[in-house]
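**Q** Per TrEMBL, domain 'EF-hand' is recorded for 32-67, 72-101.
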Amino acid sequence: MHCNSPMATSCESGMEELLKTAQIYYKSSSTDLKEKAHKFFKSLDFDGNEKVSLHEFLGFMREEGHKKMSNRHFFKELDKDGSGTLEFMEVMTLYYILKSGRPFCEGCDTFIPGMFFTCTKCYENSPNSFSVCPDCYNNGQFIHDHKQFLDNYALLEAKRKEAIAIEAKRKEAIAIEAKRKEAIAIEAKRKEACARQQYQPKSSVTITELPKFTSTAASTSNALVAYSNPPKPKWKNAFKVIEIALVSAAGNLCNIM
């Protein structure tokens, strides 16, 4: 789709969206990035009049190797106010286009400001991508060896899911490796314990603790036993009685005398 064709309204709308996007990025960027943006503007503004003319634009684009953009038609697409020169934010739109890698259609060789279709095989494996505008893709007005195409939004989503899958596999591999190392460490400790037990010296003397007894038969060396006098013979008792009687009789005799 050419921006100077009857369908130019769609192309102009796409460029307006790019201008708004560039404004948003500039306003939300850091001071350092804003300084780089101003340096980019000054690199195009050779005479320093705060505006970029057509010849300044063409000279810069050719010097930087942007051949497809170094033409009058692309300059007019950037010049939204039709002043014949590019102001700062219009140059910021160019800066955003260059940094975001916006493509030219491989079918009609025009700049694609909006949605496009790109070859997924070339996107992944080739230094140069292959993209076509919706009209050329719908009408088959392009020549290419591959048939696998996705629009830029679907491609972004596919790459996001691919990144998630890769990260999940990476985490799974880390978890498996951690379990493997843990198992190795456990096995090493087990073998170390077995080795210590195997080479530990054994004693030939067995010490057995003697049981404690509560028998009443105590040892003569450390037991005190109550001693009872043996019973006296009966004849000694009779002799004692007679002895008492004689003493009593003698006492009586003394009293009579």
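Note that Cβ sites are derived from N, Cα and C of the backbone, with glycine treated the same way.
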**Q** Using a Cβ-Cβ cut-off of under 8 Å, list the residues of the same chain that are 6+ residues beyond the ends of the domain 'EF-hand' (32-67) and lie near it.
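**A** Same-chain residues near the domain 'EF-hand' (32-67) but 6 or more away: 26, 75, 84-88, 90-92, 95, 98.
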**Q** Can you tell me the mean pLDDT for the domain 'EF-hand' (72-101)?
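**A** Here the mean pLDDT over the domain 'EF-hand' (72-101) amounts to 94.
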